[in-house]
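According to TrEMBL, the protein has these features:
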BINDING   A:E44, A:M373, A:H423  Mg(2+) binding site
BINDING   A:C63, A:C66, A:C417  Ni(2+) binding site
BINDING   A:C66, A:C420  Fe cation binding site
Amino acid sequence: MSNVNINVHHMTRVEGHGNIVVNASDGTVEKVQWQVPEAPRFFEAMVRGRKFDDIQTIVSRICGICSISHSLVAIKAVEDALSIDISEQTDMLRLLMHYSEQLQSHVLHVGYLVAPDLFNAPSVVPLVGKAPEAVKTIIGVHRVANQMSELLAGRITHPITLVPGGFSKVPSEKELRQLQDTLKAQVKPLQTICDVVASVAGNLPNFERDTEYVSLKQDKTYTFYHGDIASTEGTVKPVSEWESVANEYVVDQSTAKWAKWNRETYMVGALARYNNNAEYLSPLGKEVAGMFGLKKGCCNPFMNNIAQLAEAAHVVEHSIELIDKILSKGIEDERPNISPKPGRGYAAVEAPRGILFHAYEFDENFECTWGNMCIPTNQNHANIQKDFEKFVPENLESGEDNLRQGLEMLVRAYDPCISCSTHFLDVEFVR
Amino acid sequence: MDKPKVAIFDFACCEGCQLQIVNLEETILDLIGAVDVVEWREAMSEKSHEYDIAIIEGSITRPEDEKRLEIIRSRAKVLIAIGACATIGGINKLKNNFDLKDVKKCVYADSADKPHVDTEMTKALDEVVEVDYKIHGCPMNNEEFAYVVRCLLMGKKPVIPDYPVCVECKAKENVCRYEYGELCLGPIIRAGCGAKCPSAGYRCFGCRGYVDNPNVDAAKEIMDKYDLTVEDLKSRMVLFGSKQGPTI
Ligand code: SF4
Ligand code: SF4
Ligand code: SF4
């Protein structure tokens with residue numbers, strides 16, 4: 001089998017639209033392309049002229065799955081631009097809210113989108129019949145993560161309570177205690193999910209490519225929210241210089257931009273965070289990583305899904321601790337009281353899919369005059385392309401169907417969120 | 001009777017409304033049992049050209065998407081628009097306030113003329129094809145979604161609220177946002193969300209679109225009472241659905 005023609009037009013089980021095109025004849029690969037044909041949405045243009053306190057509402061709509069991360073990073077950048085300070089309580093509650101999204105998104109991705117591949121099913125629906133208990137466990141943890149977002153953000157998708165300077169409404173002590181109890185009860189179900197994934201983890205392809213990994217890094221913390229930008233190449237930069245990390249450029253095969261830093265391409269996401277910060281994972285997170293043999297320095301992109309599981313355990317464990325810390329200081333119904341000054345500001349947070357950058361500038365009426373955003377999936381596109389270029393020749397003889405399946409799994413492993421980059425996924429084999 | 005075939009499609013959007021379907025959690029298993037989902041790219045690998053009900057998320061921003069929507073319409077017996085992007089154009093319509101050349105230049109700079117980054121004025125679905133039902137909100141309310149689907153399965157006509165958010169907000173005994181000096185769009189926006197935002201301490205920013213006959217005089221009265229101007233109101237009104245709707 002040396003002639004291959006793959007043309008997946010709009011790949012499924014990913015957020016957004018993407019195409020895979022592979023041409024090979026007589027064992028020679030002629031074309032391998034990862035394309036993004038999503039309709040561009042122009043957020044940078046749309047924020048112009050909007051008031052500073054409308055920004056998070058607008059840019060949250062970049063992505064429904066990462067809406068909390070987009071709101072959080074926008075608020076941080078707006079506060080940086082307008083020299084607005086926040087209280088320690090606000091900071092801790094925001095982190096807790098951020099954890100709810102990590103948990104929700106990771107469970108959704110591994111449970112609903114990746115698991116079908118490992119079980120060789122086209123979607124999670126047939127799995128309901130095959131493994132009903134596992135599916136119910138996944139739904140249960142997902143629901144808890146959603147309830148956590150609802151409590152802290154005011155609703156599951158597109159936060160309401162996040163406003164520059166603080167919160168429009170904070171949860172009560174009683175609500176936080178209830179949340180803590182619910183989270184404690186999720187440890188067992190999470191273990192069940194890990195056991196189920198472990199039983200089929202042998203289906204994760206054994207593929208490696210030496211890669212640069214980029215994430216936030218903060219002193220002795222497995223950080224999602226604070227710190228500097230770090231690369232596994234040893235480079236560190238302050239967040240205010242993010243535009244010189246994500247060097248964006250436009251390519252013809254994609255409406256989403258590509259990015260590069262020290263090397264030709266880099267990867268962001270759970271595996272990048274793990275490769276930069278593994279030693280600071282919580283005990284349970286480390287246990288999960290150990291269970292799957294995940295080690296720092298891993299450069300198998302498929303292991304990103306395992307890093308997500310380890311992070312899910314970590315955020316549950318750390319949320320339980322964080323609630324103790326918040327309650328020990330007493331929760332106050334504080335309202336933001338701000339005196340903004342015009343200026344330009346930059347921020348980064350770790351969205352579930354990887355490091356997310358925003359920047360804004362405001363005039364003396366506090367209206368936005370300029371905005372710039374760089375989302376995780378865009379930073380990964382070029383790296384996906386480079387993975388393809390190594391994966392296709394290595395697996396050319398496995399048969400067209402297997403190769404197609406492998407490529408789709410590879411893209412899915414990145415947990416791409418194509419709608420934000422704009423959208424994606426279709427495989428095209430051209431003979 | 002055979003189970004109705006359902007297909008779910010998306011256009012330019014954040015996919016938050018599809019996520020709302022997933023967020024029905026256990027309820028979705030019941031719904032999926034009652035219908036035959038034949039295509040849902042975000043969640044499953046199957047594809048089909050035969051369906052009775054098309055559920056569509058997102059707004060139309062390119063000529064090729066307009067064509068795709070027309071094909072979907074011609075195949076579907078019932079077309080349901082979900083979420084502000086599909087029902088009123090949503091946040092994507094903010095783009096229409098600018099010159100499109102400038103919008104492209106702002107994001108793609110020197111590559112702005114490349115054909116694949118092209119864009120047109122953003123449209124809601126009903127600006128292109130006929131829409132049978134609209135499930136409002138950004139994101140849509142998933143209980144309302146489940147209700148509409150159930151109604152259709154039982155052959156009943158779903159009832160979507162046609163009164164303002166203030167009605168639900170007052171029922172919840174919230175302190176009015178105007179008392180905090182904020183400009184809330186509740187008086188002219190369609191209810192059905194349970195006054196979600198005012199209940200979370202935030203003004204309504206209009207994601208469900210206008211009620212059918214907004215009481216413009218009452219809105220003006222509120223403006224006067226709190227010393228605000230119609231200009232203030234307008235500046236807050238364009239977030240979802242741009243310049244659509246009544247002129248106050
Ligand atoms: S209506 Fe809102 S939540 Fe739904 S797809 Fe559009 S932007 Fe996303
Ligand atoms: S807060 Fe808004 S929705 Fe509630 S009563 Fe006041 S104006 Fe109406
Ligand atoms: S209160 Fe207004 S903005 Fe909030 S969900 Fe309801 S209609 Fe949408």
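Glycine too: its Cβ is placed from the backbone N, Cα and C atoms.
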Which of the binding-site residues A:E44, A:C63, A:C66, A:M373 have a Cβ less than 8 Å from any Cβ in chain B?
A:E44, A:C63
In terms of DSSP three-state secondary structure, what is the assignment for A:E44 (Mg(2+) binding site)?
helix
For A:M373 (Mg(2+) binding site), what is the tally of other C-beta atoms lying within 10 angstroms of its C-beta?
22
DSSP on A:M373 (Mg(2+) binding site), three-state: which is it?
strand
